[in-house]
Amino acid sequence: MVKTHNLGFPRIGAQRELKFGLERYWNGDATRDELTALGAALRRRHWSDQRDLDLAPLGDFAFYDHVLDMSFTLGNLPKRVQDFHGDALDNYFRVARGRSAHSAHEHASCCGGVAAGEMTKWFDTNYHYIVPEFHADTNFSLDPSRLLQQLAEANAQRVNAKPVILGPVTYLWLGKAKDDSDRLALLPKLLPVYGALLDTLTAQGVEWVQIDEPILVTELDADWRRALRTAYEALETRRIKLLLATYFGQLQDNLELAVSLPVDGLHIDAVNARDEVDALARALPPTRVLSVGAIDGRNIWRTDLNAALDWLEPLARQLGERLWLAPSCSLLHVPVDLASEQKLDAEIRSWLAFALQKLAELKLLATALNQGRDTVADALAENAAAIESRRRSPRVHNPAVKSAVARIDARLGNRASAYPQRAAAQSARLKLPLFPTTTIGSFPQTAEIRDARRRFKAGELDEAGYRHAMHAEIERSVREQESLQLDVLVHGEAERNDMVEYFGEQLDGYAFSQFGWVQSYGSRCVKPPILFGDISRPSAMTVEWIAYAQSLTSKPMKGMLTGPVTILNWSFVRDDQPRSVSCYQLALAIRDEVLDLERAGVRVIQIDEAALREGLPLRRAQWPAYLKWAIDAFRIAANGVRDDTQIHTHMCYSEFNDIIASIAEMDADVITIETSRSDMELLDAFDGFRYPNEIGPGVYDIHSPNIPTQEHIVGLMRKAAERIPAQRLWVNPDCGLKTRRWAEVLPALTNMVAAAKTLRSELRNGL
């Protein structure tokens, strides 16, 4: 009999209950007991949702981040929080956010307290994890309380649970040695703690543990391969069964290694590695389980179940009970339940599957394999009809858009002049000081803004009333910026619910959910739009708002756009054509908007490419092809303007030392980047590469509520000036300020502007 299991379930709740519970707790409006009770209630519900599985995951729930959870399980707390009094939950949030709940007096390290842990992308997804921190003298100690508590809950609910833990080698690989020591040198100290954890779970009657080593789908050198072998040979002696889980890609040159590791089962991402399944089935020892990730855990399209059965049936005959079925990866990356989407177009809705629907697909596949297709014939017929509807729909295919993409040539991506000529023209037009100050785009989304948007969508506020409310918020943002004496202003994006969804709502070829939320980090959730068809722009999307904002000030007002690569990477993207084609379609639409902004008199236009790096394939051998079309798409979008129009781009969470040449090829006049959490480490890229244009290294971490001091910002910019000529440096935050409160934003920006003035004075005086 084929078994079913799941690698992980969305933790935020179908209605974002975890998000709101966390924020109530952080704001002092909920107690610790109320927060922990909410977590327990969500786990109970999620296990109930997975009751038809043979094995449900346990330990996939986290209050902030599962990698941070693993750090606490292993006793690996950053040194800066070890001396704080209070319990583990206090320290947990200190590492995640820079402060515990209810502790407004705690500030970042720049201000005498604790800095939030560095945050970066989880492989090539839009989820972010807190980076484990290591030193040569790091020690580990087991704290199994989180897993044991959840195991007790699962047992009380009579759930057949499979604990999920991050594997030791991936854990080290994901982390950062703060003293540049060798992370792998810690493996001998780490493995006994993993062994003790497995022994603890064995003593509790656990049969299977899922141990995730997704680095097996990346390019590994000999040391990391040797570490994997060492780790699993050391853990082999434990009396518990290990399911080694890989996901997000193909094993390729690691396939032989994965097969040879002494574990009891191996999970493979069969969505991306379908052509490796047969080889694995032949190569695995005759007692080993092969778990096949046959359902896409990262996208929301329905599975073609009949096509899946065509290749699963021979596999089931070959492997019998050694075949397990699962999603390709954790369902953390998809929304919870399509049944909530009552306002979504019925035809498009019929093409989709969220987490609960994917589990139903899993059950249907297992039933067909175990009992025959005839037992689920009606469900298979309905699935086939939906697949065919999508394939043939004229809503998906637009001949005019396809023709426009076919006409793209290299000239479309080129500026009229090289950067030095453009810089001179822009300097004459903009007349900015040294160390010009700006922000990245958004200002706080206040309760008043959210209420106006809610009432407008509910029909309680007419369009004129909504525009009046948004104009008032835009004017407030402009006046605050003028008072702060910022040099290049933004309109604050009051009218935007999300930097991708806002544009998708105005593009043909997109659809939108009401409850399609997924976790980005902590309490931050995003609702990716659904790119289902060919993309076109029926009319201008931002010009009216930016033109109004510019009318309020004589200072330059930035037009704010999201770039084609980021819109693509932060959407649920159609899987029936290459991603590059969809990206070129988006680029043409954004290009039209850029030119409309320029015609409206906008002198500075920012095209955010926050997600450029996250689209990189996990294997470097595949990077050149991706970077070619991604950079081409940005250039198509940006480069139709005059020399004296200044193009900015922004990247957040982007470690791009290894793609700096490609970043330069974008040829943006100004690039702003996230650097503060890494203490300007990202600027190491400029030690060996002379970046030709202007750059704004982020000088404070907007993801933390802590207020940076003027002195701290000056210090960071001095570091930046060691690598970038001061004449080409901008001063700006790391990211947009949407998630912060005005009470946090105003003092932070006050200090930032004061720091810029200090830097100008130092430069004039030759300091």
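Every residue gets a Cβ built from N, Cα and C, even glycine.
Pulled from Swiss-Prot:
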| type | residues | note |
| --- | --- | --- |
| BINDING | ARG16, GLU17, LEU18, LYS19, LYS121, ARG524, CYS525, TRP570, GLU614 | 5-methyltetrahydropteroyltri-L-glutamate binding site |
| BINDING | ILE440, GLY441, SER442, GLU493, ASP608 | L-homocysteine binding site |
| BINDING | ILE440, GLY441, SER442, GLU493, ASP608 | L-methionine binding site |
| BINDING | HIS650, CYS652, GLU674, CYS735 | Zn(2+) binding site |
| ACT_SITE | HIS703 | active site, proton donor |
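Distribution of Swiss-Prot features across the structure.
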residue : record                                                : Cβ within 10 Å
LYS121  : 5-methyltetrahydropteroyltri-L-glutamate binding site : 18
GLU493  : L-homocysteine binding site                           : 25
CYS525  : 5-methyltetrahydropteroyltri-L-glutamate binding site : 19
ASP608  : L-homocysteine binding site                           : 25
GLU614  : 5-methyltetrahydropteroyltri-L-glutamate binding site : 22
HIS650  : Zn(2+) binding site                                   : 28
CYS652  : Zn(2+) binding site                                   : 23
GLU674  : Zn(2+) binding site                                   : 25
HIS703  : active site, proton donor                             : 24
CYS735  : Zn(2+) binding site                                   : 27
Most distant Cα pair in Å, residues ARG16, GLU17, LEU18, LYS19, LYS121, ARG524, CYS525, TRP570, GLU614 binding 5-methyltetrahydropteroyltri-L-glutamate: 27
For GLU614 (5-methyltetrahydropteroyltri-L-glutamate binding site), the three-state class that DSSP assigns: helix
Recorded L-methionine site residues ILE440, GLY441, SER442, GLU493, ASP608, farthest C-alpha pair in Å: 13
In sequence order, the binding-site residues (LEU18, GLY441, SER442, GLU493, ASP608) whose C-alpha falls within 10 A of CYS652 (Zn(2+) binding site): ASP608
Cβ neighbours of ILE440 (L-homocysteine binding site) where a neighbour is any other Cβ within 10 Å: 25
Integer Å distance between the CA atoms belonging to the residue listed as 'active site, proton donor' and GLU493 (L-homocysteine binding site): 18
Alpha-carbon distance [CYS735 (Zn(2+) binding site); SER442 (L-homocysteine binding site)] in Å: 8
Nearest recorded site to HIS703 (active site, proton donor) by CA-CA distance, among binding-site residues LYS121, ASP608, GLU614, HIS650, CYS735: CYS735
Nearest of the binding-site residues (ILE440, HIS650, CYS735) to LEU18 (5-methyltetrahydropteroyltri-L-glutamate binding site), judged by Cα-Cα distance: CYS735
Distance from ARG16 (5-methyltetrahydropteroyltri-L-glutamate binding site) back to GLU674 (Zn(2+) binding site), taken between C-alpha atoms, in Å: 27
LEU18 (5-methyltetrahydropteroyltri-L-glutamate binding site) - helix vs strand vs coil (DSSP): helix
DSSP three-state assignment for ILE440 (L-homocysteine binding site): coil
By Cα-Cα distance, the member of binding-site residues ARG16, CYS525, ASP608 nearest CYS735 (Zn(2+) binding site): ASP608
Alpha-carbon spacing, HIS650 (Zn(2+) binding site) to ASP608 (L-homocysteine binding site), which is rounded to whole Å: 5
DSSP three-state assignment (helix, strand or coil) for CYS652 (Zn(2+) binding site): coil
Among ARG16, LEU18, GLY441 [binding-site residues], residue with fewest other Cβ within 10 Å: ARG16
Rounded Cα separation (Å) that holds between GLY441 (L-homocysteine binding site) and CYS525 (5-methyltetrahydropteroyltri-L-glutamate binding site): 19
